[in-house]
Amino acid sequence: MVLSSVLGFPRIGANREVKKAVEAYWAGKLSAEDLIKAAADVKKSSWTSLKERGVDLIPSGEFSLYDHVLDHSAAFNAIPKRYQGLGLSALDVFFAMGRGRQADGVDVPACEMKKWFDSNYHFVVPELSEETDFKLLYNKVLAEYKEAKEIGVVTRPVVLGPISYLVLGKAAKEASPNFQPISLLPKILPVYKQLLSELKAAGAESVQIDEPILVLDKGAELDKQYAYAYAELAPVSPKIILTTYFNRLDSNINFIAKLPVAGLHIDLVRAPQQLGEVLAAIKSTPIVISLGVVSGRNIWKADFAVAIKFAQTAIAALGADRVVVATSSSLLHTPVTLASEKKLTQQQRDWFSFALEKAAEVATIAAVLSGSQDPKVSAALEANKVSIAKRREFESTSDDAVRKRVAAITPDMYDRKSPFAVRKEVQAKHLNLPRFPTTTIGSFPQTKEIRTARAKLGKGEISEAEYDEFIKKEIELVVKFQEKVGLDLLVHGEPERNDMVQYFGEQLTGFVFTQNAWVQSYGSRYVRPPIIVSDVSRPTPMTVKWSSYAQSVSSKPMKGMLSGPVTILNWSFPRDDVPRKLQSQQLALALRDEVLDLEKAGISAIQVDEPAIREGLPLRRSDWDEYLQWAVDTFKLSTAGVTDATQTHSHFCYSDFGDIFPSIQRLDADVISIEFSKSDMKLLHTFKQYGYSNQIGPGVYDIHSPRIPSEAEIIERLKTTLAIIPDHLMFINPDCGLKTRGWKETEASLANLVAAARWARANA
């Protein structure tokens, strides 16, 4: 019999209950007890919903109020010293690590965040050193296993594996110069053994241990550590299902097959080519294979015929009892349920499958493979066949004008008319900015009033003209504030924008939008990714109206603000019937038109943000060159048509650029702004190693935290930065946009930023 499995489930609640509860707790409007109850209700709903849909192996333990890696650090006592001894509850220490804290005499910044592999989910980076004293402060995984059992749902606990946890961590400031987190493996294994033995004693038959590091090149260097770790864990643990996702195992399967594990999960959506090699490696072992045949990363309905073919190949090699049908990864990266969508057309609804629907898919596929005679299973199989055929028919159509325009792209369209050194002189005269020019990344606080006005427009409660007048007043407020505080290169604040990708997708052809398809990005920050369903083009200008208006109310230069082609692609649910390169080229041509229209309208600085360019990098180095070629080319295609006098900007956040720095240089943006404040300035070493000829704005404070940086704190950051980056190349700006911040903290933080810039002009 073939079993079905879901590796993880969205933790936000069908109606964003967790976000609302967490933010109410932060605001002091909800007690800790009520927060925990709200979380318990969401977990209960998720477990029972999966059981109702026939899933055999239901996950528990992966729920989080903020981030599952942060949960792990907090439970294992990997708590940096700055969060200890503050008189905070364990819950408040947890949140302080995730978002910082500046209240009741406590002032601590947040831990660093990074992207979870090549997804748009952010995890909180563990800080580790020789002094880290691992111990199990509480067994969260055990507690949730028991919680589910109490309501009659038997689950398979999920644990982040010891080696992936350590490799994802970083050396704390107090660590010795050559310290490597993986060296702590002997110290952390006893804690894992305690956790797993307690699960076994509680009756857990198997445990899902996530080791996604195994799909990276560095996994090959860790074979001895894996052999040692799992030899220690297997005797005391429930049956271990070693779980990988997002890419292929390649040669790592050779040592994985020798590990004392009961099962292995592989991702056949992202890496279908690995099936044969994996089956050959484990055939002579007792290892069960879990096949990730339903996407945990996209929202398209699974093609049952393809999934069944993969599974039949595995069954032929191993037998049905050694095959499990599963989601490719956790469903964390997908919306909760299609049932919440009321405005999609019937055709569109038939294309998609969200988390609950995907759970039903794996259950149906497993039932078919197990020979089920249930008429409902047969009907679902036939309905899927019809649905997929209709979608393929739709996908076979294309916009000839868009395709011809892509085919007509010429090499000269990728390059600016003059090199940066020439452009810099022209722009200096045109923009007349001071030394250490100050600016922001683009967005300003999205207040309750802004969100209310947008909602009223959507409901027809106010007219378009009334909404436009409201937006004009908001822009004037933001512009006047920037002038008052002393910023040099202004932005219009983006009050009209719901999201940096959705806003553009709504004005481009080829996109479909949802009402409630929320996905967690970090903490309580959720996004609703647009869905690309067909060829993309720009019918009319998208941003010129509001950028022009903002420029009309100030004599200072104004930046036009756009999201870049790679970011729009990576932060949408993309098509799966055509290459990502083609989709990015289409987006780039649409944005190129917008950039040229902004320039014609008198906007002399234009920012095309690409925070997702590093995120989209393939996980295997052998796949990098092709991606980086088209990703950089499409950014350049967007921006290269302007004159020398127009200053192009781009923004990047929470990324390790050291390994792709030549590609960042090849973007040839006049100014790049990057995250600096949460990463211990480690990017400085990259700039020292490679040098950088264009201008750069290292983010001087973290906007993902509500704490206000002092002027002295920013000055210290500038001193460190100026030791490596020449002053004539430097801009001063926050880490990222200010959309999620409140006005009080925004005003205070930017005032301190401007004061620090004055110090730099006087002293550097």
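Backbone N, Cα and C atoms are what each Cβ position is placed from, and that goes for glycine too.
A TrEMBL annotation is a machine prediction, not a hand-curated record.
For 4-313, the entry in TrEMBL reads domain 'Cobalamin-independent methionine synthase MetE N-terminal'.
Among the features that TrEMBL reports, 5-methyltetrahydropteroyltri-L-glutamate binding site is placed at LYS19, ASN120, TRP571. Remark: TRP571 (5-methyltetrahydropteroyltri-L-glutamate binding site) has ASN120, MET500, VAL501, VAL527, PRO529, SER563, ALA612 as non-local neighbours, by Cβ distance under 8 Å and separation of at least 6 in sequence.
The feature domain 'Cobalamin-independent methionine synthase MetE C-terminal/archaeal' is assigned by TrEMBL to 436-758. In the predicted structure, the domain 'Cobalamin-independent methionine synthase MetE C-terminal/archaeal' (436-758) carries a mean pLDDT of 92.
Using a 10 Å Cβ-Cβ cutoff, ILE441 (L-methionine binding site) registers 25 neighbours. The L-methionine binding site feature in TrEMBL is assigned to ILE441, GLY442, SER443, GLU494, ASP609.
Annotated L-homocysteine binding site per TrEMBL: ILE441, GLY442, SER443, ASP609, in sequence order.
What TrEMBL records for HIS651, CYS653, GLU675, CYS736 is Zn(2+) binding site.
Annotated active site, proton donor per TrEMBL: HIS704, in sequence order.
Inclusion criterion for the binding-site residues GLY442, SER443, GLU494, HIS651, CYS736: a C-alpha placed within 10 angstroms of the C-alpha of HIS704 (active site, proton donor); this criterion is met by CYS736. Within 8 A of the CB centroid of the L-homocysteine site residues ILE441, GLY442, SER443, ASP609, the other residues of that chain are THR440, VAL491, GLU494, MET500, MET561, GLN607, HIS651, CYS736, GLY737, LYS739. Taking the C-alpha positions, the distance from GLY442 (L-methionine binding site) to HIS651 (Zn(2+) binding site) comes to 10 Å. Distance noted between the C-alpha atoms of ILE441 (L-methionine binding site) and CYS736 (Zn(2+) binding site) is 5 Å.
In space, CYS736 is the closest of the binding-site residues LYS19, HIS651, CYS653, GLU675, CYS736 to SER443 (L-methionine binding site), judged by Cα positions.
Listed in sequence order, ILE441, GLY442, MET500, MET561, LEU562, SER563, GLY564, THR567, SER650, HIS651 are the same-chain residues six or more apart from ASP609 (L-methionine binding site) with CB atoms under 8 A from its CB. Within 10 Å of the Cβ of ASN120 (5-methyltetrahydropteroyltri-L-glutamate binding site) there are 22 other Cβ atoms, across all protein chains. Fewest other C-beta atoms within 10 Å: among the recorded positions LYS19, HIS651, HIS704, that description fits LYS19. Our reading of the L-homocysteine binding annotation (ILE441, GLY442, SER443, ASP609) yields a largest Cα to Cα distance of 12 angstrom.
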